[in-house]
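Asks: Heads up, here are the entries from TrEMBL:
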type     : residues : note
DOMAIN   : 23-288   : domain 'NADH:quinone oxidoreductase/Mrp antiporter transmembrane'
TRANSMEM : 59-79    : transmembrane segment
TRANSMEM : 91-115   : transmembrane segment
TRANSMEM : 151-171  : transmembrane segment
TRANSMEM : 178-196  : transmembrane segment
TRANSMEM : 202-219  : transmembrane segment
TRANSMEM : 240-261  : transmembrane segment
TRANSMEM : 281-304  : transmembrane segment
DOMAIN   : 290-342  : domain 'NADH dehydrogenase subunit 2 C-terminal'
TRANSMEM : 324-345  : transmembrane segment
């Protein structure tokens, strides 16, 4: 890709995200989301592969639909209340349309179908952007409008996302699709607590971003796209593969790793709100995700390829390790003891 074009796309991506998360008016938030959508399309289709073109087409159509619904919701609210302020969402129809629009943008169940396919057609770096930065503006809009949203609808979608994200990830052999369904399952955890403690939604998103970024950077360093290729990464960079296993377990939410912190806080808050059945259900559904994280970790660190390969094994990768990989992996493994400080800052 042309360096100037990549610079323009990256700058536009940061600009669109900044406009949306700092806006107070529905029109500026919508403009920021549109800039984001148009900026990421060249990055998705830059490989000129038919699957990449298909992914960019699917992404454009779904995001355009979601943006239309969001604009429609804000116009209905302005028509009945005279308010364009994001926090003044009062009309029930606007609340419903906004929930649907943001759910499409995020990839929540039942509007999740586009997300795994788009990630499968993109490069690892673009997948990292789609799974982290591109979700920040919609999560911010959810955060700002959380008092107006229907808690029953959000809880139902959250439970469905956690269930389907874990269930569909079980039989995947492509690492990008595994991480796509992992993202859907984590969105369920973020959504379920949105009405009761929106700050916890943001904490969960931040920690999910750190852990997922570490995993994508490690997979990009070792050039791993399939589960069968994961089995050969041990010979390339053994220390990095060990860290990869710990990062996967952190994403699964096992103590004493960082990923345990948001799940612990969410279960605690749901129990305080006397939603014990909901907390139990989403905790049990997280076991589905734990299975495929353990399978990935097992393939990466314990097993060797079951058959002889037709190419010479690469003992050291030629790609230098990104400094960000070290930072994100350290944060995704060792942040749990600092949880009082994280809660104080939030």
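Including glycine, each Cβ sits where the backbone N, Cα and C put it.
Map the listed features onto the structure and describe their local environment.
Replies: Within the chain carrying the transmembrane segment (151-171), a Cβ under 8 angstroms from the stretch's Cβ atoms is held by residues 96, 99, 103, 108-110, 112, 116, 177-178, 181-192, 194-196, 278, 281-282, 285-289, 291-292, all 6 or more beyond its ends.
The list of residues near the transmembrane segment (240-261) in space but at least 6 beyond its ends in sequence, with Cβ under 8 angstroms from a Cβ of it, reads 182, 203, 207-208, 210-212, 214-215, 218, 221-222, 233-234, 286, 289-290, 293-294, 296-297, 300-301, 321, 325, 329, 331-337, 339, 342.
Same-chain residues lying 6 or more positions outside the transmembrane segment (281-304) and placing a CB less than 8 Å from one of its CB atoms are 158-159, 162-163, 165-167, 169-170, 172, 175, 178, 182, 185, 188-189, 192, 227, 230-231, 233-234, 241-242, 244-245, 248-249, 251-254, 263, 266-267, 270.
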Asks: Would you kindly list the residues that approach the transmembrane segment (91-115) from elsewhere in its chain, counting only those six or more residues past its ends and only Cβ-Cβ distances under 8 Å?
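Replies: Sequence-remote neighbours of the transmembrane segment (91-115) are 33, 58-59, 62-63, 65-67, 69-70, 72-74, 76-77, 80-81, 130, 135, 138-139, 141-142, 145, 148-150, 153-154, 157-158, 160-161, 163-165, 180, 183-184, 187-188, 191.
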Asks: What else in the chain is close to the transmembrane segment (178-196), if you only count residues 6 or more beyond its ends and a Cβ gap under 8 Å?
Replies: 106-109, 112, 115-116, 119-120, 127, 131, 135, 139, 142-143, 146-147, 149, 151, 154-155, 157-166, 168-169, 172, 204-205, 208, 212, 215-216, 227, 251, 262-263, 266, 269-270, 273, 278, 282, 285-286, 288-289, 292-293, 296
Asks: Tell me, roughly as an integer, the mean pLDDT over the domain 'NADH dehydrogenase subunit 2 C-terminal' (290-342).
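Replies: That region's mean pLDDT is 72.
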